[in-house]
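As written in TrEMBL, here are the features:
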type	residues	note
DOMAIN	80-183	domain 'MotA/TolQ/ExbB proton channel'
REGION	196-216	region 'Disordered'
TRANSMEM	12-34	transmembrane segment
TRANSMEM	106-129	transmembrane segment
TRANSMEM	149-170	transmembrane segment
Amino acid sequence: MNANLLHDIIFYVMYAALAIALVIIIERALYFAYTQRQARKLEQALTLDVRRTADLPDELTQRNSLPLAVISPVLEQKHRAGDREAIGDLIDAQYLLSKPLMARGLWLLETIVTAAPLLGLLGTVMGIIETFKALAASGVSEPSLVSAGMGTALYATGLGIAIALLCLVGNNYLQSRMERINELLKVLLIRAGAPTSRPENGNREQWVDSEAPRYA
């Protein structure tokens, strides 16, 4: 396998990495926007009278969403009059289970951030090797030909750095959005597991987390 073929393969790999990164960034951005919108609606709907999922508005329960899937088991456990310790454990479990769903695909962006500049550098090395081999074979010592070959080889490094910068900015933006949504999910879980204002046993318990902060 000659250096020119390796140089071309590296370019194809970098273009594929760029396409994958763009798909992940766009898909995660749309998913986070929908998830945050649904979480805000659930935050408004989780009043003191909500004891189970059926008490929520139909518009929130008819469409699948991560916030609804996370709080539904907690609401059902509370409706079955589960003890506070069991509900607390379920809240922690649901919160931990939601994290992998939020972070899906982001590891690829982190990998591309690291690998793209290295691939670009490798492509440059292969391009330079092929340039000097071609010059040695033809016996041409024209400076313009050397400059053209070196420019083509260095393009790989520039492309790799550009891909890494794009992925770095996209990953940081998505991480920031994910952190805010995780905080909002934690608030929803606490509110879902808190005692209701109208418990079926007739006790008028106060909602211990009624002053939980609201997140934009």
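FYI, residue positions are counted from 1 along the chain as it appears here.
Placement of Cβ uses the backbone N, Cα and C atoms for every residue, glycine included.
Secondary structure counts, DSSP: the domain 'MotA/TolQ/ExbB proton channel' (80-183) has 93 helix, 0 strand, 11 coil.
Over the domain 'MotA/TolQ/ExbB proton channel' (80-183) the predicted model carries a mean pLDDT of 85.
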